[in-house]
Amino acid sequence: MALFNSAHGGNIREAATVLGISPDQLLDFSANINPLGMPVSVKRALIDNLDCIERYPDADYFHLHQALARHHQVPASWILAGNGETESIFTVASGLKPRRAMIVTPGFAEYGRALAQSGCEIRRWSLREADGWQLTDAILEALTPDLDCLFLCTPNNPTGLLPERPLLQAIADRCKSLNINLILDEAFIDFIPHETGFIPALKDNPHIWVLRSLTKFYAIPGLRLGYLVNSDDAAMARMRRQQMPWSVNALAALAGEVALQDSAWQQATWHWLREEGARFYQALCQLPLLTVYPGRANYLLLRCEREDIDLQRRLLTQRILIRSCANYPGLDSRYYRVAIRSAAQNERLLAALRNVLTGIAPAD
């Protein structure tokens, strides 16, 4: 039975209510947010420009779209900012109006919700535990002319796995040849050093739509900022016309403009994840009764080999919240997702897991 009503991580209010404590007393490993926090440059810009909330945002978000265009070296007409990447998912689903779409499971729940709202028939391609939850070329044969679009998350959520580039290119080529729109969710790709994703390939393939998020990497989930990128100017113009006006608030737009210029923050994040991510992964692998999947992003998928242990409930008693993956199609109650946080926070989780899985209290 599900412990929480929410279909997503980061629901610290509900978890704190279960415990009868304040939300700030919980250590949250359920939301995949950069533990370095918001860049200082962004925080300073927001404080210095608070009076911008007394005016309507620029309806065209000219400066934000220009900043995103410079960042990716593409025309601004290819980009449409949204109130978090989730809004962009719903925008592209309602704008394309597919009759039949394929989604890969386990995966982010909002693809299915957005497609269902558009009255679309949904087909599911199931990743296999036997393949380590990695996408394989078997999906190519499932891409048939009667499909209108395919949603892929790269790296995938909740597995953190990124398919090999040749396979992704083969999928993109097949989608183009069959007139299938390929929607690539690259929400977590910024955490992978020097991984450009598929935005550079858009000029040669207007069938590719890329979803991006600034929420996770720059730690601004409360502001909400994502965007959609596609090289078909006419199609993007249609998306723009159907989007709700003033979808992005003024502070979120400003945060995006400033964050994209902070290359030092990008380097600091990559350094943290390279060092702490590797250490945390190895430490988790040393724990008994736990299988850890080698994700590329800022979170890891775990499988507990003791079905009688509800890790989420047990850790919650120690005021630590992790994400149960039982509600992901294809996964079950043995699976959990944990964010990679600071070394001290990760040590606290490791000690709690060790205590639960072995019954041996960690040494002082």
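Backbone N, Cα and C atoms are what each Cβ position is placed from, and that goes for glycine too.
Here's what Swiss-Prot has on this protein:
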BINDING   HIS8, GLY9, ASN32, ASN157, ARG323, ARG337  O-phospho-L-threonine binding site
MOD_RES   LYS216  N6-(pyridoxal phosphate)lysine
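If you draw a 10 Å sphere around the CB of LYS216 (N6-(pyridoxal phosphate)lysine), it holds 22 other CB atoms from the protein chains shown. Between the CA atoms of ARG323 (O-phospho-L-threonine binding site) and the residue listed as 'N6-(pyridoxal phosphate)lysine' there is a gap of 16 Å, rounded to the nearest whole number. All protein chains included, ASN157 (O-phospho-L-threonine binding site) registers 23 other Cβ atoms within 10 Å of its own Cβ. Considering only the binding-site residues ASN32, ASN157, ARG337, the residue whose Cα is spatially closest to the Cα of LYS216 (N6-(pyridoxal phosphate)lysine) is ASN32. Neighbour density for ARG337 (O-phospho-L-threonine binding site): within 10 A of its CB lie 26 other CB atoms from the protein chains shown. Following the DSSP three-state reduction, the secondary structure of ARG337 (O-phospho-L-threonine binding site) is strand.
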